[in-house]
Amino acid sequence: MNKTIILLLISIIFEIVISSSVDGNYPAGGLYFGVSSNFLVGESEKFTQYVQDELLAMDLPDQSGDSDGVQYSFTHFKLALNLQDFFYAQLGPGVFQMGWDTITFNLQWEYEICVKKVVKLCESGTITVYTASGQSVSLGTTLDVLFNSSNAKIEATSTVMPFEAGAVVASVHCTDSVCLIPINDIVSEVSSQFVSQVTNGVTKAINDKAPSIEQLFTPIKQIPITMDSGNQYWIDLEGCLVEANYSSNSPSTITAAINGGIVLENTDGNFVYPTQTPSYVPYDSQMESFTSDYCITITGYFIETLLDAVLVPEFPMTIQPSQIPASSPVQLNTSSDFFSGIAPNLTSKYPNVGIQVNLMPPTIPTVTINSSAIILTDFEISTSFLVLTDNDDAIPVFNVLFKFDAEIQTTLYTDSVSVFSLNSTLLSITPNVTITDSNVGSVDATGFVQLIEMAQSIIKIPSITYPVPSKYSITNVNSQLGDQIIQLTFDLIENSTNQKYLKKSVNLNLKKKKKKK
């Protein structure tokens with residue numbers, strides 16, 4: 001997108017073809033990234049296997065030392081471990097816990113113990129520390145989840161392994177004929193060290209995976225639009241994670257609810273935040289009824305702030321006669337057929353001179369969405385028409401206020417397995433043109449209206465392309481308009497395996513309906 005697109009409105013006027021988790025837990029916002037329960041089941045299985053593998057690969061070196069006159073040597077550590085019943089839960093604002101309700105392990109090693117009093121006594125054998133059958137041992141990690149305006153940060157801060165007395169058992173098997181040396185204290189110390197290794201290992205494993213988790217919930221950070229001004233456009237990522245409110249599944253569907261407004265970064269490096277605030281609060285049924293892997297929900301606030309950030313800074317703007325293509329049926333000249341038809345006094349008073357058009361910053365429209373279209377209401381732009389004299393003076397001749405209401409239809413396309421684009425088509429445009437003042441007598445506003453109506457078919461709304469999280473490819477893509485929302489749904493295929501773990505049909509329920517508690 002470039003300055004040509006900003007000229008679109010005035011170009012249309014001249015018929016110029018220009019290339020170009022309880023109800024209320026979901027905050028008002030512009031964007032929501034939802035990950036379904038079914039997808040998370042598959043991901044949790046892979047994540048569980050990953051953590052298990054990391055723990056089983058832990059370095060368990062031989063140990064030796066002296067404790068209260070007892071010399072010990074521990075060698076040949078062997079570990080078996082299994083994690084089951086993955087869970088996550090929200091503990092408070094920005095704080096989650098994830099883990100496994102059941103962990104079983106069996107840690108075995110060989111020992112040799114020596115004590116020297118009158119004579120030196122030694123014994124050897126094996127020690128086994130294991131989870132007792134029928135006892136409950138769990139593993140839980142606390143996560144700090146922060147969505148600030150520019151980034152998402154997920155960090156595992158600590159892991160605990162709580163269990164009751166008797167849940168973890170230590171067994172000593174002495175292989176010598178005489179076994180008299182007490183070693184319980186040393187065994188307890190080694191067992192405690194092992195628990196610390198496991199909990200620290202889980203914390204590290206989760207933090208190593210945190211960037212890919214963050215990307216899943218914030219796949220889009222920047223809007224890929226290029227303007228002549230050099231401005232850049234970022235998404236305000238401030239927000240939170242929200243669990244599905246009434247889910248019987250575990251893990252439940254989870255959504256990153258973010259502000260979703262567009263933040264302008266100008267060439268000076270300054271950031272300009274939206275003046276609008278989000279107002280629409282989605283309903284549970286809108287956010288949680290999708291059965292595909294992934295759902296992006298867009299509200300009117302996102303579109304309003306996008307228009308505001310992209311269009312307003314490019315104004316005021318001036319269009320000169322030289323900018324109009326020679327092939328255009330309408331030229332910025334007082335003697336052209338168009339201007340002599342709508343303003344005869346202009347032509348007689350200033351024959352065959354150029355016309356300059358000044359455009360003021362537009363008033364951004366209100367955006368509403370229904371099941372049929374995206375509706376833009378009260379989009380306004382003021383323009384001044386000036387004649388250019390031989391002395392290069394610009395003399396005001398009349399001013400025009402253009403108001404537009406428009407309906408847009410949106411379709412989701414997959415440009416590749418890693419990229420999708422949102423393509424929009426103008427269904428209708430309703431112009432309202434007012435001549436606010438004139439220094440050349442009567443100006444026929446209907447001439448502008450007719451040109452705009454005839455030009456509807458040539459209006460091309462630029463499509464914007466977005467990447468999916470880099471770890472995945474997409475399939476089963478679908479888009480649908482609902483009550484004040486646009487929803488884009490698709491299934492995800494992990495690139496490393498190129499196999500779908502869970503594949504569900506798309507069945508969106510977008511009715512405006514609150515669930516009963």
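Just so it is clear, glycine is given a Cβ too, placed from its N, Cα and C backbone atoms.
Listed in sequence order, the residues of the same chain lying 6 or more apart from Asn148 (N-linked glycosylation site) and placing their CB within less than 8 Å of its CB are Leu237, Glu238. The annotation N-linked glycosylation site is assigned in Swiss-Prot to Asn148 (among others) on the grounds of sequence analysis.
The annotation N-linked glycosylation site is assigned in Swiss-Prot to Asn245 (among others) on the grounds of sequence analysis. According to its DSSP assignment, Asn245 (N-linked glycosylation site) is coil.
Feature annotation from Swiss-Prot assigns N-linked glycosylation site to Asn333 (among others). Reduced to three states, the DSSP call for Asn333 (N-linked glycosylation site) is strand. Other Cβ atoms within 10 Å of the Cβ of Asn333 (N-linked glycosylation site), summed over all protein chains shown, number 21.
Close to Asn345 (N-linked glycosylation site) in the fold, though at least 6 residues off in sequence, lie Val440, Gly441, Ser442, each with a CB less than 8 Å from its CB. Summarising the annotation, Swiss-Prot assigns N-linked glycosylation site to Asn345 (among others).
Per Swiss-Prot, N-linked glycosylation site is recorded for Asn370 (among others). Residues near Asn370 (N-linked glycosylation site) in space but far in sequence (CB under 8 A, at least 6 apart, same chain), listed by position: Leu481, Asp483, Gln484.
The N-linked glycosylation site annotation in Swiss-Prot covers Asn423 (among others). In the three-state DSSP scheme, Asn423 (N-linked glycosylation site) is classed as strand.
The N-linked glycosylation site feature in Swiss-Prot is assigned to Asn432 (among others); the stated evidence is sequence analysis. Within 10 Å of the C-beta of Asn432 (N-linked glycosylation site) there are 14 other C-beta atoms, taking all protein chains into account.
Annotation comment: Swiss-Prot describes Asn495 (among others) as N-linked glycosylation site, evidence class sequence analysis.
If you look up Swiss-Prot, you'll see 1-19 marked as signal peptide, on the strength of sequence analysis.
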- Task: Note down the number of other Cβ atoms within 10 Å of the Cβ of Asn423 (N-linked glycosylation site), including every protein chain shown.
- Result: 16
- Query: Counting distance between Cα atoms, which of the glycosylation sites Asn245, Asn333, Asn423 is nearest Asn495 (N-linked glycosylation site)?
  - Reply: Asn423
- Compare the Cα of Asn245 (N-linked glycosylation site) against each of the glycosylation sites Asn333, Asn423, Asn432 and report the nearest. Asn423
- Express the distance between the Cα positions of Asn423 (N-linked glycosylation site) and Asn432 (N-linked glycosylation site) as a whole number of Å. 26
- Which listed residue (Asn245, Asn495) has most other Cβ within 10 Å, given these are glycosylation sites: Asn245
- Query: In angstrom units, rounded to an integer, how far apart are the Cα atoms of Asn432 (N-linked glycosylation site) and Asn333 (N-linked glycosylation site)?
  - Reply: 24
